[in-house]
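What follows is one structure encoded as structure tokens, with my remarks underneath.
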Amino acid sequence: MNSKVFAVLLLLALLTCVLSEKYCPTPRNTSCKKMNIRNNCCRDSDCTSNAFCCAEPCGNFCHKASDKPGGRRVDPNASCQTGYVYW
């Protein structure tokens, strides 16, 4: 009996973790002129209020987490500098 209760509790814990996953929102812009690329962040710790640093066509920006996948979080190990990006 105890093993069944444990299994149910474990399953509920796993389900809670999966359902509480947060993502970067889908970017509004799908393209960007190279002269307008600006990084406001390079990692999540650059953002306030537990926002995510999300990669977009015009640079990296902080966004509130979304329940729906569609955006892409910035790789914290990638080479990045905040400010305007010049090619």
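Just so you know, glycine gets a Cβ as well, placed from its N, Cα and C.
Copied over from Swiss-Prot, here are the features:
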type	residues	note
DISULFID	C24-C54	disulfide bond
DISULFID	C32-C58	disulfide bond
DISULFID	C41-C53	disulfide bond
DISULFID	C42-C80	disulfide bond
DISULFID	C47-C62	disulfide bond
DOMAIN	21-66	domain 'WAP'
SIGNAL	1-20	signal peptide
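Residues within less than 8 Å, Cβ to Cβ, of C62 (disulfide bond) and separated from it by at least 6 positions along the same chain comprise N40, C41, D46, C47, T48, A51, F52, C53, C54. Broken down with DSSP, the domain 'WAP' (21-66) shows 6 helix, 14 strand, 26 coil. If you measure from the Cα atom of C58 (disulfide bond) to that of C24 (disulfide bond), you get 15 Å. In space, C42 is the closest of the disulfide-bonded residues C32, C42, C80 to C24 (disulfide bond), judged by Cα positions.
A 10 Å cutoff on Cβ-Cβ distances gives C47 (disulfide bond) a total of 19 other Cβ atoms nearby, all chains included.
For C80 (disulfide bond) paired with C32 (disulfide bond), the C-alpha to C-alpha distance reads 18 Å. Listed disulfide-bonded residues: C32, C41, C53. The one with the lowest count of other Cβ atoms within 10 Å of its Cβ is C32. All protein chains included, C58 (disulfide bond) registers 17 other Cβ atoms within 10 Å of its own Cβ. Mean pLDDT of the predicted structure over the domain 'WAP' (21-66): 91.
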